[in-house]
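Chemist: Pasting a structure here, questions to come.
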Amino acid sequence: MQKLVERFITYIKTDTQSDPESQTTPSTEKQWNLARFLAEELQQIGMEEVTIDENSYVMATLPSNVDYEVPTIGFIAHFDTSPDFSGENVNPQFIENYDGSDIVLNKEKNIVLSPSYFEDLLLYKGQTIITTDGTTLLGADDKAGIAEIVTAMEYLIQHPEIKHGKIRVGFTPDEEIGRGAHKFDVEKFGADWAYTMDGSQIGELEYESFNAAMAKVYFKGKSVHPGYAKNKMVNSLLIANKFISMLPENEIPQETSGREGFFHVMDITGDIENTTVQLIIRDHDRQLFEKRKETIKQIVEELNKTHKDAVTVEIKDQYFNMREKIEPVFHIVEVAEKAMKELGITPIIKPIRGGTDGSQLSFMGLPCPNIFAGGHNFHGKFEYVPVESLEKATQVIVNIAKLVAKK
Ligand SMILES: [Zn+2]
């Protein structure tokens, strides 16, 4: 287990930031560095069928060591980090035996990680916490997941007395830009089900995500000299403004939680003649989700009555709630729950207010709940991970392998 932290540090020191503007896979050339390193490492620890494809997806097999039929399970993590914050020259700090006080990340820049703002820190009193130096993100999302999976596989290889079925491992690029699952070869992976190790706090177990769509609304206007515009000018900006004001006022991210859905206006660009509004639609409930898309179409229709077809809308589904695909095979959640409880971890099961690679993979035929990887405050300089959570997540992987072979 001491290799776990070493591994994690090696991975986070390799910059793998992804780029939403890029059309290639991986979206950035530098992601190859870690992908190739991981493929080599998997080989070194004794994994079989190690492959790395033309899109940098890494896969490997730990063969079954029992002579009876056991389902093939998989563990998946992503090696890119968020485009939201720099992942270059990550310089991890170790806070040993954390006493619950403020952690100064960067004295010069006065950057402090404080439990008065990030209360979760207090869960880890007495533990060792790995933080940033305040200038980069940490990359626990999701290099913690990778370190845990590799270490768990190595542990199983070194302890052949632990019985397990065939286990597949998959590492993907570009999860942070929503494309981690896009080119994932589910058939080649060949698992009956899998888990993404990409959650946050210790105990998290998620099998319910949003249904998600993106809408682009186009407003057409007519530009005329403002001094002579009476009854002639049509200002597309003002119609767009009307559109936004007709959306349900309180159904926005900052006013909703739990299973409440929302409309989220993300971007507005325009001038007199042309304005475009972009928004995303989110809801856990499929029916309410469909209704939300209808609401947008109705508002557009309403506006077109007074503005002579000046408004058009494009709505595109992005991903769906994986619950639909996981409920029929619910034992895969129960096994993970049991694996945690046996280790003294209280499972925290709640709907994700977002999506994971697992949502997409579940609809591609690989049911895929999400398990904690241990980190907090992803995508920024306050990201941290307790060493004990890294260890527990690794043990959860080993325990799931054990339990599945018992059934
Ligand atoms: Zn992640």
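Positions of Cβ are set from backbone N, Cα and C atoms, glycine also.
Per TrEMBL, the features are:
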- His78, Asp141, Asp198: Zn(2+) 1 binding site (BINDING)
- Asp80: active site (ACT_SITE)
- Asp141, Glu176, His379: Zn(2+) 2 binding site (BINDING)
- Glu175: active site, proton acceptor (ACT_SITE)
- 207-305: domain 'Peptidase M20 dimerisation' (DOMAIN)
Chemist: Which has the fewest other CB atoms in a 10 Å radius around its CB: Asp80, Glu175, the listed active-site residues?
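Modeler: Fewest other Cβ atoms within 10 Å, among the active-site residues Asp80, Glu175, is found for Glu175.
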Chemist: In sequence order, which same-chain residues at least six apart have a C-beta under 8 angstroms from Glu176 (Zn(2+) 2 binding site)?
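Modeler: The answer is Ser18, His78, Asp80, Thr81, Ser82, Pro83, Asp141, His379.
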Chemist: What's the CA to CA span in angstrom from the residue listed as 'active site, proton acceptor' over to Asp198 (Zn(2+) 1 binding site)?
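Modeler: The residue listed as 'active site, proton acceptor' to Asp198 (Zn(2+) 1 binding site), Cα-Cα distance: 10 Å.
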Chemist: Reported in the order helix, strand, coil, what are the DSSP residue counts of the domain 'Peptidase M20 dimerisation' (207-305)?
Modeler: 37 helix, 31 strand, 31 coil
Chemist: Check the domain 'Peptidase M20 dimerisation' (207-305) for me and report the mean pLDDT.
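Modeler: Result for the domain 'Peptidase M20 dimerisation' (207-305): average pLDDT 97.
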Chemist: Minimum Cβ neighbour count within 10 Å among the binding-site residues His78, His379: which residue?
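Modeler: Each of the binding-site residues His78, His379 was scored; lowest Cβ tally within 10 Å is His379.
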Chemist: With every protein chain in view, what's the tally of Cβ atoms within 10 Å of the Cβ of Asp198 (Zn(2+) 1 binding site), excluding that atom itself?
Modeler: 26
Chemist: Identify which of the following recorded positions, namely Asp80, Asp141, His379, place a Cβ less than 6 Å away from any atom of ligand 1, and list them by sequence position.
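Modeler: From Asp80, Asp141, His379, counting a Cβ under 6 Å from ligand 1 as near, the near ones are Asp141.
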Chemist: Ten-angstrom check, please: count other Cβ atoms within 10 Å of the Cβ of Asp141 (Zn(2+) 1 binding site), all chains counted.
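Modeler: There are 27 such Cβ atoms around Asp141 (Zn(2+) 1 binding site).
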